[in-house]
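Chemist: When I checked TrEMBL for this same protein, it listed these features:
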TRANSMEM  26-45  transmembrane segment
TRANSMEM  85-101  transmembrane segment
TRANSMEM  201-220  transmembrane segment
TRANSMEM  227-248  transmembrane segment
TRANSMEM  273-292  transmembrane segment
TRANSMEM  313-336  transmembrane segment
TRANSMEM  348-370  transmembrane segment
TRANSMEM  382-401  transmembrane segment
TRANSMEM  413-433  transmembrane segment
Amino acid sequence: MEKIMDEIEYKEAKEDWVTGHDGGSMWEVFFIACVFLNSFVLWSATEKYAKIFNYASNNTISNFLLEYMFLIIPNLLSCTLLVDYAFYLNVILLISTFVIIKNSSVKFIKDDDNEKKKKRWESDSDDDLIELSVNEEKSDDKDLAGIVAAQPFLKKPENRFKPFKGQLLKAVKQAFPILTLGFIRLMMVKGVDYQEHASEYGIHWNFFFTLGFLPIFVTICRTAHKYIRFSILGLSIAVLYQIILYGLGLEDYILNAPRTDLISSNKEGICSFWGYLSIFLVALDIGHYILPVDPYYAIRQNRQTKKPKPKKLAMILFSWAILLWLGFIFCVILRIPVSRRIANLSYIFLVVSCNTTVLLLFQIVEIVFFEEYWKNERNLPLVFEAVNSNGLAVFLLANILTGLVNLSIRTLFVNYGWAECILAAYMFVIVAIA
């Protein structure tokens, strides 16, 4: 009985640990995101000038270990031990990049070599151009990420005009395995009395349910795409959702209503779904510019393009970022606090603004370090490509490993040193399996 009580007390302590927090500041989020960017800058400089990765040798283990040190460890530290020093970590990464470039004796590719490589584009098909822009990732209709979801429309524009009934049935089939994972997670969490906080998604809801319902509602939204862009539709849903939150008292219901039935027990997950649907639709529209090497490929009538236009894409992303940040500023003026719990309008604008800005910055890095997007030039780390190609599987693996760690170790009482070692091993296993 004493052991059972100890377990109950520990579960309550774990839940208290994640209760009553206001979240991080925007500056904290910004500096941590910059660590992700600047670690990629360091990798890019090292790959181009120092050539220590030696990808041509196909020494996967050596390259993986180096990428783990360059890309994973800095980001892990920025979220844990060095979270209060993320600014200085960015400075260290940038100084290291500068030193590598300064001391490098590697010369730029000769102009005549560039001309030979340019000729290769002239024989590439449009499908190749789309594939290359996502680093030859073999995506299909089953992919569930907002930007990547644009790929079926780009390869076969007629996909957007297929009969609604057939598309809806296909979406339900696509959603079924993800919803099944949601129910499996629910049973496992309840079965082992795993600690959870109801204010995140509710008592029964989890993020797998949010992911699972997305393809169904995106398919419904396709019926309106003949008349309106996905981004405008997404932002319209976001504005309408915010009006209902504020004007009809939905926000007060989410935050304060008692949990008396199935709906109220999962009010956070059910209501925040509309915010995540809005984010997905905006990302889907942006994906039409990002995936092709020519950002205007989707709107060209003849759909013929032979040259990549990375600088044009950077300009488009810059325009998107400005418009989305203006939307966030408008939310600030209206004094709409950012809330992930209800995924309100300011949260939606903050997420899409930050992510579009990060995409823009990554695009600029690739333009600076990899002037031409050739098939035989690696401008993406193996680790990034591996995770990109197995997004849902990696997400599921991370959830399972998190549960195993929390069930086997009393993490609240682990000191910082051991905690960092456990997290480093956790990340190593995830990216190695990917």
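Even glycines carry a Cβ here, placed using N, Cα and C.
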Chemist: For the transmembrane segment (201-220) and the transmembrane segment (348-370), does the number of C-beta pairs under 8 Å, pairs 6 or more apart in sequence, reach 3 or more?
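Modeler: Between the transmembrane segment (201-220) and the transmembrane segment (348-370), contact is absent.
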Chemist: Sort out the residues at least 6 away from either end of the transmembrane segment (313-336), same chain, that have Cβ-Cβ distances under 8 Å to it, and list them.
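Modeler: Tertiary neighbours of the transmembrane segment (313-336) are 235, 242, 246, 282, 286, 289-290, 295, 344-346, 349-350, 352-353, 356-357, 359-360, 363-364, 367.
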Chemist: At a C-beta cut-off of under 8 Å, are there same-chain residues at least 6 beyond the transmembrane segment (348-370) that contact it? List them, or none.
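Modeler: Contacts of the transmembrane segment (348-370) (Cβ under 8 Å, skipping residues fewer than 6 from its ends): 26, 29-30, 33, 36-37, 40-41, 44-45, 47-48, 235, 238, 275, 278-279, 282-283, 286, 290, 310-311, 313-314, 317-318, 320-321, 324-325, 327-328, 331, 338, 377, 379.
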Chemist: Let me spell it out: take the transmembrane segment (413-433), skip the flanking residues so only those 6+ beyond its ends count, and list any with a Cβ under 8 Å from a Cβ in it.
Modeler: 64, 68, 72-73, 76, 80-81, 383, 386-387, 394, 397-398, 401-402, 405
